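The structure appears right after this line, and notes come after that.
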Amino acid sequence: MAPKAEKKPAAKKPAEEEPAAEKAEKALAGKKPKAEKRLPAGKAEKSSGEGKKAGRKKAKKSVETYKIYIFKVLKQVHPDIGISSKAMSIMNSFINDIFEKLAGESAKLARYNKKPTITSREIQTSVRLVLPGELAKHAVSEGTKAVTKFTSA
């Protein structure tokens, strides 16, 4: 029995070493399957990355619009009248177009005068140049009133 006992501890020692080596290999091998498991998780991360892109798309969807302000003005002028989403979209694009025209004209005026900043004076002049007749006069008076209110507050 003594030889058997010697064989068992001797067998256990290499067996212990082998399981340790196997455990190390299994740990490495275990990491590989974990990495393989992470690949689908990576795919999930990619899909969550797409979700981030979708989040970015949502951020792009939250582009500033004038819809709230158009609606407020509509309710001031005609409290009982609503507006369709298509009409609201048209009004929003109209205001964006006017804004771009005024900004472009103001930038040209600043360049002509060799000034690095666009001031209220350039804006006022560009309003007079871009908008026709009475509309320009009303816009200038409302703009002046708004600037005065802003500076006094």
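Yeah, the Cβs are placed from backbone N, Cα and C, and that goes for glycine too.
Predicted, not measured: the structure shown is a model, and the values here were computed from it.
The following features are taken from Swiss-Prot:
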REGION    1-61  region 'Disordered'
COMPBIAS  1-28  compositional bias 'Basic and acidic residues'
MOD_RES   K7  N6-acetyllysine
COMPBIAS  36-53  compositional bias 'Basic and acidic residues'
MOD_RES   K37  N6-acetyllysine
CROSSLNK  K149  ubiquitin cross-link
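Counting only same-chain residues at least 6 apart in sequence, none has a Cβ under 8 Å from the Cβ of K149 (ubiquitin cross-link). In the three-state DSSP scheme, K149 (ubiquitin cross-link) is classed as helix.
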